């Protein structure tokens with residue numbers, strides 16, 4: 001008799017998920033559900049708060065896009081994982097069709113790539129705001145923000161389509177059991193019949209475009225910011241700006257660090273359990289923390305959130321300094 005991984009899904013795959021840990025399924029379900037609801041609520045609240053502002057600074061377009069990306073990002077992966085964890089019949093793996101798997105991978109890469117470019121654009125915004133404050137309004141215009149936001153999405157989409165086509169043109173034979181809880185690139189590469197380094201070239205190219213180039217821009221922007229802060233004579237202002245940038249960098253490194261460790265390594269070092277652990281952080285913790293930290297360090301956003309929640313303090317002035325973002 002054929003094994004389930006070979007015979008039950010002839011035109012698709014089986015997502016193993018966390019089926020080898022049946023005793024942890026209820027705990028994982030409750031934990032993921034709580035984080036997922038917090039992520040949805042936090043990002044939706046940011047979108048509503050920005051939409052409620054009578055006048056919005058151009059940079060807030062980036063924040064709205066970041067929240068929207070994280071919202072979609074978590075919806076691509078987490079709901080299906082929750083269903084799989086709550087379904088007793090999926091103890092050996094959850095079936096997913098070939099096209100559904102390709103679509104999930106493409107959307108995951110597109111949204112993740114758009115976020116990588118967006119974080120670089122936001123780093124450039126902070127560079128202009130801190131290093132050239134008098135020219136900020138002339139440089140960072142609503143038109144520039146809109147063009148950068150659109151470019152981030154289009155570049156992420158272009159890379160994701162090319163990578164998805166390359167991965168799903170590989171021959172898959174033998175077991176169709178994906179050792180992951182979603183259709184991840186490394187898990188799919190592990191199932192490919194061939195073991196040529198050429199199979200990994202599309203992933204390497206995508207990593208160069210999505211990870212290396214934006215990270216260089218981010219490091220250059222923050223390097224210039226650090227140099228400018230050292231020349232700042234006001235200790236209070238320098239400390240406040242430095243703490244804000246440190247938080248932004250921490251979230252950025254969490255995003256890039258997980259992605260780099262997961263994808264910038266040879267196929268021979270593939271570790272399913274480690275990849276799934278990192279993916280849990282990458283798909284659940286980062287979408288929760290990233291928009292909140294970027295938003296709550298800005299007075300304009302916190303004032304809008306207070307208005308939405310009905311907790312605005314008497315005498316609290318709306319608006320704030322963009323350099324706090």
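Along the chain as shown, the residues are counted starting at 1.
Note that Cβ sites are derived from N, Cα and C of the backbone, with glycine treated the same way.
The N-linked glycosylation site annotation in Swiss-Prot covers 6, and the record cites sequence analysis as its basis.
The annotation topological domain 'Extracellular' is assigned in Swiss-Prot to 1-26 (among others) on the grounds of sequence analysis.
Mean pLDDT for the topological domain 'Cytoplasmic' (48-57) in the predicted structure: 79. Look at Swiss-Prot and you will find 48-57 (among others) tagged as topological domain 'Cytoplasmic'.
The feature topological domain 'Extracellular' is assigned by Swiss-Prot to 79-101 (among others).
Helix, strand and coil counts from DSSP across the topological domain 'Cytoplasmic' (123-147) read 22 helix, 0 strand, 3 coil. The topological domain 'Cytoplasmic' annotation in Swiss-Prot covers 123-147 (among others).
As annotated by Swiss-Prot, topological domain 'Cytoplasmic' applies to 193-200 (among others), with the evidence given as sequence analysis. If one looks beyond the topological domain 'Cytoplasmic' (193-200) by at least 6 residues along the same chain, the residues whose Cβ comes under 8 Å of a Cβ in the stretch are 170-174, 266-267.
For the topological domain 'Extracellular' (222-243), the number of residues in each DSSP class (helix H, G, I; strand E, B; coil) is 19 helix, 0 strand, 3 coil. Among the features that Swiss-Prot reports, topological domain 'Extracellular' is placed at 222-243 (among others), with the record citing sequence analysis.
Taken from Swiss-Prot, the feature topological domain 'Cytoplasmic' applies to 265-325 (among others).
What Swiss-Prot records for 27-47 (among others) is transmembrane segment, and it gives sequence analysis as the kind of evidence.
Marked as transmembrane segment by Swiss-Prot on the basis of sequence analysis: 58-78 (among others).
Residues 59, 62, 65-66, 69-70, 72-73, 76-77, 80, 96, 148-149, 151-153, 155-157, 159-161, 163-164, 167-168, 182-185, 188, 206, 209-211, 213-215, 217-218, 221, 248, 252, 255-256, 259, 290, 294, 325 of the same chain lie 6 or more positions beyond the ends of the transmembrane segment (102-122) yet place their CB under 8 Å from a CB of it. The annotation transmembrane segment is assigned in Swiss-Prot to 102-122 (among others) on the grounds of sequence analysis.
Residues or ranges marked as transmembrane segment by Swiss-Prot: 148-168 (among others).
For 172-192 (among others), the entry in Swiss-Prot reads transmembrane segment, with the evidence type sequence analysis.
Residues or ranges marked as transmembrane segment in Swiss-Prot: 201-221 (among others). Long-range contacts of the transmembrane segment (201-221) within the same chain: residues 109, 112-113, 116-117, 119-120, 123-124, 126-127, 155-156, 159, 162-163, 166-167, 185, 189, 252, 256, 259-260, 263-264, each at least 6 residues beyond the stretch ends and with a Cβ under 8 Å from a Cβ of the stretch.
Here the transmembrane segment (244-264) has Cβ contacts under 8 Å with residues 112, 115-116, 119, 122-123, 126, 184-186, 203-204, 206-207, 210-211, 214-215, 218, 222, 225-226, 229, 275, 278-279, 281-282, 285-286, 289-290, 293-294, 297, 324-325 of the same chain, all six or more residues outside its ends. According to Swiss-Prot, the transmembrane segment annotation covers 244-264 (among others), on the basis of sequence analysis.
With Cβ pairs under 8 Å as the measure, the transmembrane segment (27-47) is packed most heavily against 58-78, out of 58-78, 148-168, 172-192.
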